[in-house]
Amino acid sequence: ASRSAGRMVKETIRVYARVKPLGRRQQAGIYSVDNDEKSLSSLEIIMPHDLADGFVNNKRERYKFKFQKIFDQEAKQDVVFDSIAKPVAECVLAGYNGTIFAYGQTGSGKTFTITGGAERYSDRGIIPRTLSYIFDQLQKDSSKVYTTHVSYLEIYNECGYDLLDPRHEASRLEDLPKVAIMEDPDQNIHLKNLSLQQATNEEEALNLLFLGDTNRMIAETPMNQASTRSHCIFTIHLSSKEPGSATIRRSKLHLVDLAGSERVAKTGVGGHLLTEAKYINLSLHYLEQVIIALAEKNRSHIPYRNSMMTSVLRDSLGGNCMTTMIATLSIDKRNIDESISTCRFAQRVALIKNEAVLNEEIDPRLMIVQLKKEIQELKDELALVTGKQRTSELSQEELLQLDELIETFLEDNDPDSTLNVGADMRKIKYCFIHVKQLMNHSRISDKKLLSQHTSEEKDTNKEAGEEELKKLKELLQQRDNEINILVNMLKKEKKKAQDALFQLKAASAASAVLEQSLSINLEERQNPSSCFSLKEAKDFNSSVHRLPFLSRQTGGKMSLGCQEAFEVFKQDRADNITIENNKQLLKQRFTEAKCLGEKLNEVRNKINHLKGEITQRHIQRAALAVSCPSEEPNMLDPVEEKLRMQIEEEKKSYKTMFNRLKGLKVEIEHLQLLMEKVKMKLQKDFEVWWSEEVINLQ
């Protein structure tokens, strides 16, 4: 079905496959991709006999599966985005709902496809590229007013957690706010406690994505990475409205990273991890049940409610949504059976039909304006009938009058006495409230309050003393642990130093001579430009734009002993090397940007100079026309033409340089975010190591 025709679009879920490149130690499985067929591509996987684990293997050897398109091992991220995500993003901009979800076993490249890799800028996944594309399109379209919000939900062991909660700096997943599912009478799903964060531009949206990823990374347990054990749903909510129109279009785009789909037997786990594996398999099993039920023509009941995952994705599966699935495959010999089961699942998903509807509704604010007008008209009518202008609040005078009436009524012992305030609901309500307050006051005895107060005070003092003692004991234990760990580290460092000293003695004489000659050379050569580069680096560091939620600096929370250990710990880490490399790369990009800025200024000055020359030329020609009126005044001036041509050339080069500078800015921001991410990972690793050391000591 074409994606743009009419107000409702019926089409099956689009299914794509992506094959992950083999690792160094993996043995390649045998498969072939045929992308030449007119409509669909096909993937053929060969199952060798030797995979039968010693049993007689009666399984067939060749398996063939059809997909919309298959991305082989060398497929790049931008190609995947253009084919899979761009069409869905276009529909979301037009007012339809969209979903893209990745399904496959652990390590087959789901998170890489959806979120992207952390190493290179070109490794960005579908989420950051989609955000860039959507905001790019919104900037180009000035005919509507758009608002964009994002949410980021993680589902782990059938519990939902909000990854974008701004009030939390989570250290465990359980610290994040829990998200609950509510269903309204029309069977629409609402997620209670899931925050919607507004993003006015691409930078804000990417910062929110980064906050979510960071919260997710920090909340990992040391045993395993979160991405393999939990489902994540990043949602972009768009609403658009033409100025002056009462109709609003609302659409949402879910980008889903599912948990690994492998079977429990293969993971070889027990205890706590087995519980996780059961939950993961259970929620994927329910997802499969929903898909099987949708593929059967005569099924009336679809079991969406069985798991949180299927409830949230209810619209995406067989509902009001345009859905696309990416099956990620790792076709090495050990994983051929998992790859085949992923493909089978994908074939079932491809049978589901969705009906996407254009989501339009009337703006409630215009309704409010109309209703206010109606209320005012009714008030005016009431004033005409009663002859009194009625305000919503009672005046001070009226309130005092009522207080007096109530007092006389309560003091009057006559059983037949009445409290008459007239046919005014406001006055009647006030009387009831006043009487209730008087009743409550008389009930509470002062004596009771006093005794309660003194006993509470004693308890509080006792508790405070015990609490203080407990805290001091804990602090003492903590300092003891720190001293022991540092002593152990010191011993190791001392041994290293002694070994190094022995080797150094032999080479010290030669190195002294070399050092002397080098220092002389350096003094001769030193020039102002090298000093400049150092200053520039300092400026650059201070200009790095840091997000408020990344101020998890080590100094703020660590004691001195802990900091010492952290400095030694990070020396040999690969992450530290990554940080240094990224620093170098940032420095290069910053220098390049500075250089481009200077060039842009030069070109701008040149254009202004050329414009000045043209003006001079005009003045000269005007003077010539006055002195020699016989000359032809309308003749083209070749000098002026040449100057105009030069201006055009300079403008072109200005535009090229400006676009490059814009690209550099985006890349610099991305690199800064990557660096922050790696720094956090380094600190996280240290925290895990530190806690292990403390346990060993105890």
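A Cβ is built for glycine as well, from the same backbone N, Cα and C atoms used for every other residue.
The annotation ATP binding site is assigned in TrEMBL to Gly104, Gln105, Thr106, Gly107, Ser108, Gly109, Lys110, Thr111.
The average pLDDT the prediction assigns to the coiled coil (455-507) is 82. Sequence annotations record features per position, and here TrEMBL assigns coiled coil to 455-507.
For 12-352, the entry in TrEMBL reads domain 'Kinesin motor'.
Around the Cβ of Ser108 (ATP binding site), 26 further Cβ atoms fall within 10 Å across all displayed protein chains. Annotation for Gln105 (ATP binding site): same-chain Cβ neighbours under 8 Å, separated by at least 6 residues, are Gly260, Ser261, Glu262, Ser330, Asn335, Glu338, Ser339, Thr342.
Cβ neighbour count for Gly107 (ATP binding site): 17 (other Cβ atoms within 10 Å of its Cβ, all protein chains included).
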